[in-house]
Structures are given as C-alpha cells and as structure tokens.
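Feature annotations, reproduced from Swiss-Prot:
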type: BINDING; residues: Cys60, Cys65, Cys71, Ser300; note: [4Fe-4S] cluster 1 binding site
type: BINDING; residues: Cys86, Cys90, Cys93; note: [4Fe-4S] cluster 2 binding site
type: DOMAIN; residues: 72-289; note: domain 'Radical SAM core'
Amino acid sequence: MDVQPTTMRGAVKTAHLGTDVSLATKPLPKPEWLRGKSASTPDVERLVRILRDNRLHTVCEEASCPNLGECFRKGTATFMIMGDVCTRHCPFCNVAHGSPHELAADEPVNLARAVELLKLSYVVITSVTRDDLPDGGAGHYGACVRALRDLKRSLKVEILTPDFRGAVAVAFEELRMNLPDVFNHNLETVPRLYPRVRPQADYHGSLDLLLRFREQFDHVPTKSGLMLGLGETEQEVRDVMEELRRHRCDMLTLGQYMRPSPHHLPVERYVTPDEFERYRQFGLSIGFSHVESGPMVRSSYHADMQARELMLVN
C-alpha cells in the first residue's frame, strides 16, 4: 500500500534515523538578510493554477524554498517530476518519504504544456529519488527532455538529478539520446557530515557521478551545490570545492541551510554574506565558470544567469 506524503513528513520521517533533531534545540534567531518576500501575488496564483491544471509539482513548494516568492513572481519554477514522495529520508529535506506511486505516463507532455503556457526559456527539472526504479528514473528524465525539445523553439534545459545509486551506467544510456544543456547533481554537504545529513548517500559516489557524466558527454557542463550552516568548517568547504574542480565540475551554488521544521536538522550557524562572497571569489580563482554564492541561493536559483557564463543562453 502506498504511503501518503502527509504521513511521512517531519518527526515520522526522521524518527528512525538515529539522528538528533531534538525539539529541545533552541533555534538560532534568523538574521535580517534571510527575510524572504511574500509569495502571494496574482502572477504567483496564475503559475500555481497552471501547475495544478497539469498535475505538476515544483521543488519550490515541496522543499519550502525561501526564494519561492521571488521566482514565482518572475514566472520561473523548478519542476519536480516522478511524484512528490521520495524513497529516501534525509533529515534536512522537507520532501515527503514513503512508497512512491507509479510514474505518470503523461507527465512529460503536461510539463511541456506548462512550459509553453508560462513562456519559459530556461527550464530546470529535478525529482525525488526513485530507488524503486531500475534506472533510477533516468528514462523519465529523458522523456521530459524530449518533450521539451519537441516544442521546437529556443529552450535550454537543466536537470538536477539524484545519484542513480547502483544504476549509473543504465541511467546514462537512458539519457544519451536526450541530453540536457546542464547536468546538475548536488553534493549538499562536506564528507564528514554525510552520516548525519545524507545517511543514505555516498559522497564519493556523487563525485564519481559528476565526473563520469562529464567524461561521457564532454560538451555538457556539470554543476553541483552545497548547503552551509550544518557544522562544516571553512577549510572543509574549500576542500570540497577543489575536489569538485578535480572532478571537472563547471558551476557551483552555495547557500544557507534553513530548517524546514523543528523535526529537521537544526541550523548550526548562519553564514554571513561576506563569507559567501569569499567562497565565490575562491571558487572563481580555482576555475569554476560561475559560482552563485549567497544566503538565499539554492541550486536552481538564477540558473539561467548561471548558465550564461558558458554562453548557453542568448
């Protein structure tokens, strides 16, 4: 029996991980630079209506992204395919965990219709992790990219994928005929914190995924992202940035982790805008084509502007 998303959020989702997300943890006061704008405007309501009419989800809503208001007002969104229930239960993430439903065969067509209605020129597609599928859902990613290409207009597509654990070779074969313009896979945090932050993932496996994609599809740039404020040190962040460059990663996003609820990992520290700027400058100095670094940055925030650094967008 499928588990409904609402039954596997918050405390129920993270209780069995053995990770301390105690309600007794007093939250740090949020600094002024992290105050987002309200998402409620007529333009936002129109976008939400189009998404609902086409039975689509956005990671903006599911992950409680702090930029939801800004991006929705600009008519952009990161589409989350393959449902809104994830087979993993990372204690930093607000997406529901459970047994996912079957893939919706009409989702690629619905996605293309929504993109056309919204008149988007740069589309980001991400997904829940689907360990239940033999190819990790790569074939569905490919079908969505193909549907967007069929629109026959100038449109750039970025995919932000899971790690395709145990199925990387199969996944790449599925993507081969429908490659994106940018391949994005987030490391999320430094290796020392993986047992606490990403207990079902493998740091070196994620690095290897980025390198293998770049080696097989050399003309497609790669991208990754980190959340800061979970207890990492500055040297650890710099080490990861250097390791990403050694694995031929082209673009990087760095943003502040923000706790979705009291049942998720607490924020250990709010990183200042000046620190984010230092990371940006360091990233550029070691060869990243673009580093989007700031408290409110998320992996698909200003994705079109990030890609311009590689002349992907007119």
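In case you wondered, yes, glycine gets a Cβ from its N, Cα and C as well.
Annotated features, which come from Swiss-Prot, shown on the structure.
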| residue | record | Cβ neighbours (10 Å) |
| --- | --- | --- |
| Cys71 | [4Fe-4S] cluster 1 binding site | 22 |
| Cys86 | [4Fe-4S] cluster 2 binding site | 25 |
| Cys90 | [4Fe-4S] cluster 2 binding site | 22 |
| Cys93 | [4Fe-4S] cluster 2 binding site | 25 |
| Ser300 | [4Fe-4S] cluster 1 binding site | 29 |
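Neighbouring residues of the recorded [4Fe-4S] cluster 2 site, listed in sequence order and excluding Cys86, Cys90, Cys93, comprise Arg88, His89, Phe92, Asn94, Val95, His97, Val128, Thr129 (Cβ within 8 Å of the Cβ centroid). A distance of 19 Å separates the Cα atom of Cys86 ([4Fe-4S] cluster 2 binding site) from that of Ser300 ([4Fe-4S] cluster 1 binding site). Taken together, the residues of the domain 'Radical SAM core' (72-289) have an average pLDDT of 93. Calculated from their C-alpha atoms, the gap between Cys90 ([4Fe-4S] cluster 2 binding site) and Ser300 ([4Fe-4S] cluster 1 binding site) amounts to 19 Å. When secondary structure is read from DSSP and collapsed to three states, Cys71 ([4Fe-4S] cluster 1 binding site) falls in the helix class.
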